[in-house]
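Engineer: Okay, so Swiss-Prot annotates it like this:
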type	residues	note
SIGNAL	1-22	signal peptide
CARBOHYD	Asn38	N-linked glycosylation site
CARBOHYD	Asn52	N-linked glycosylation site
CARBOHYD	Asn111	N-linked glycosylation site
CARBOHYD	Asn337	N-linked glycosylation site
CARBOHYD	Asn382	N-linked glycosylation site
CARBOHYD	Asn396	N-linked glycosylation site
CARBOHYD	Asn463	N-linked glycosylation site
Amino acid sequence: MVLDKMIIFHLLLWLCNVVVHAAKVEILPAPQSVTWENDTAIIINPRLLQANTSCPLLEDAFVRTVSAIEKSKWHPFPIDDFNTANGKNIKTSLVHIQVDDATVDLQLGVNESYTLKINTDGINIHAATTWGALHGLVSLQQLIIHTSEDKYVVPSSVTISDFPNFKHRGLMIDSGRNFLTVDSILEQIDIMALSKMNSLHWHLADSQSWPVALESYPHMIKDAYSNDEVYSKNDLKYIVDYARARGVRVIPEIDMPGHARAGWKQVDPTIVECADAFWTDAAVEPPPGQLNIESEKTYEVISNVYNELSDIFIDDVFHVGNDELQEKCYSAQLSPNNTVTDLLKRYLKKALPIFNKVNHRKLTMWDDVLLSDVSADKIPSNITLQVWHEISGVKNLTSRGYDVVVSSSDFLYLDCGNAGWVTNDPRYVETPENVDFNTGQGGSWCGPYKSYQRIYNFDFTANLTETEKNHVLGREAALWSEQVDSTVLTTKIWPRTAALAELTWSGNKDSNGHHRGYEFTQRILNFREYLVKLGYGVSPLVPKYCLLNPHACDLYKNPPVY
C-alpha cells in the first residue's frame, strides 16, 4: 500500500514537472542561463507598457518590440493554451532598462551581455551597453505569448542571464551578381536582429555589375544593370543607420584585385586586365577581369573608391577581398622573373598602406591570400582571414596567430545545392549517366544543400588549442547571388541561418557537454513560425505535422546522446 502511494506520488510529481516544463517558452538563440519559477502566469497588456529609458535608440527599439508582440500574437507549439483565471497582472507598466555605459560604440567585440527579469513586480533589463539592452528586448519580445482569451502572458516569473560566445555572428550577401533592393536588405537586418546576429558582410560589387554610386567616379554606375539597380549614397547610409539601430554592424567588401571589371573599366580601361578575353580562358566565372597590378593609376582609383566608401560605412572593419586571383588573366605580364605570386606581393605592398591610412581600420581578406596556389608568404598579423576553403585552414591560420572568421563552403555556403548556372553546358548532355559529374546531377560545385542540421552540427573549433580558439572571432554564412535576387533572398537564408545564430551565440551543447540538437529542433521550427507571424516569407523546414507533433518525425524513436 505504501509502495503504491509512493508510486502515485512520484507519478503525480512527474506529471507536474512535465506540465511545468511544457509551459516554458523557448527563445532562439537559447540563452546562456534561464531560470523559470514555479509560480503563476503573469498577465501583461503590451498596449500599456512604457520604457523607462532616456536613450532614443532604445525608445525606438521598445516601440518595435511592443508592435511585434501585438502583430505576431505569438503562441509557440505545442504549448497548451493558458487559463488566465489564476494569473496575476503585472504591477507596473514601466519596463526598466538600465545601461551601464550608453556611449560605447557598436564595433567588433562590444559587450552584448544582458540580464532580463520578469515577475509580477515588473520587467527589468540590465545591460553593460545599449547593444546588450537591444538583445534583452528581443528576448522579451519572444517570451510574451498570446492566449485564446486575447490576453498576453509570460508563463511564470523568469530570469535570463545572457551573452554571446563569439564576437562575430555574421551573414554575407552579394549585390554584385544580382541586385538586391534596399527593402530586401533591410529585411535581412530585421531577422538578424531577431536572432541576435550582429554582422552583415555586404559584397557590394563584382565583375558582373557595379551598383554603387560614387561621387569620385560617377560613371562607374554605367556598369550597373539599370538606373533602377543602383545604391545612392543616401541608400548606403540609410542601411548602415538602420542596421546600427538594431545592433547589426555592416561590413563592406570591395573585392580586389580579382573579381574586378564592372565599374573599374569605366574609370580607365587600362586598369583592368583580361576584360576582353572569353571567360573560360581567364576567370572562374563570367565575365573575366582583374585589376592591373602594374599600373599606378590602379592605386589612385583604389584609394579614391576606398576612402569614399570608408566615409559611408562607419564600422572599423573593411573587407578588401583578395580571393581567386587567376594567373591566366595576367599572362601578358608574366615571365619566369615575374610570377603571379610576385604580382600579388607587389599589390599588397602598394595597397596595404592605402587601406591602413583610415583610422582604427581593421582589414579582412579571404583566406586565399595565404592558403591558395596564388598566395603571399605572409601578411600583417592584424589582418583577419575569412576561411572559406577546407576547414583545416582554420587551424593553419590560427596556429600562425591570425584571427579568423569561419565561412566553410562545406557547411556555410547557402547557395550550394542549387544546381549549376553556366548556360549551354554540354557536359550535362554528354554525361547524363555520370551522377558524380560536378558533384552529381545538378552541377552545384559545392553541393549538397546546407540544411539547418548541417549548420548546427558543425564544430568549427574542433582540434584547436585554447590559444587557437581565441583567434576564432566567429562564423559567417555566405549567400552568393548568381541564382539569387530580391525575390528569393529571404527564403534562401531563413530560417536555416538561425541555426548559425544559436551556434555562435550559446553553442550546440548543454551544460553537461551533450549535444542539444534534439531540443533545438522544436526551437527552430517555432522560430520559423514566429517569423511567418511577423510577415516574413521564410522557408518551411518540415511538414507542419512535425511542428505540431514534436519529435514524431525524428529518424530514431530513442535518439542517441552524444
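From the backbone N, Cα and C atoms, a Cβ is placed for every residue, glycine too.
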Engineer: Filter the glycosylation sites Asn52, Asn111, Asn337, Asn382, Asn396, Asn463 down to those whose C-alpha lies within 10 angstroms of the C-alpha of Asn38 (N-linked glycosylation site); answer none if the list is empty.
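Structural biologist: Of Asn52, Asn111, Asn337, Asn382, Asn396, Asn463, within range: none.
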Engineer: Return the count of C-beta atoms lying within 10 angstroms of the C-beta of Asn396 (N-linked glycosylation site), excluding that atom itself.
Structural biologist: 19
Engineer: Between the Cα atoms of Asn52 (N-linked glycosylation site) and Asn111 (N-linked glycosylation site), what distance do you get, rounded to the nearest Å?
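Structural biologist: Between the alpha carbons of Asn52 (N-linked glycosylation site) and Asn111 (N-linked glycosylation site) there are 21 Å.
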Engineer: Whole-number Å distance between the CA of Asn337 (N-linked glycosylation site) and the CA of Asn396 (N-linked glycosylation site)?
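Structural biologist: Checking the Cα atoms of Asn337 (N-linked glycosylation site) and Asn396 (N-linked glycosylation site) gives a distance of 29 Å.
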Engineer: Just to confirm: which same-chain residues, 6+ apart in sequence, have a Cβ under 8 Å from the Cβ of Asn382 (N-linked glycosylation site)?
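Structural biologist: Lys362, Leu363 - these are the non-local Cβ neighbours of Asn382 (N-linked glycosylation site), listed in sequence order.
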Engineer: Which site among Asn38, Asn111, Asn337, Asn463 has the most other CB atoms no more than 10 Å from its CB, taking these as glycosylation sites?
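Structural biologist: Counting every other Cβ within 10 Å of each candidate, the maximum falls on Asn111.
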Engineer: Have a look around Asn52 (N-linked glycosylation site) and count the other CB atoms within 10 A of its CB, chains all included.
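Structural biologist: For Asn52 (N-linked glycosylation site), the count of other Cβ atoms within 10 Å is 17.
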Engineer: Rounded to an integer, what is the Cα-Cα distance in Å between Asn463 (N-linked glycosylation site) and Asn396 (N-linked glycosylation site)?
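Structural biologist: Between the Cα atoms of Asn463 (N-linked glycosylation site) and Asn396 (N-linked glycosylation site), the distance comes to 11 Å.
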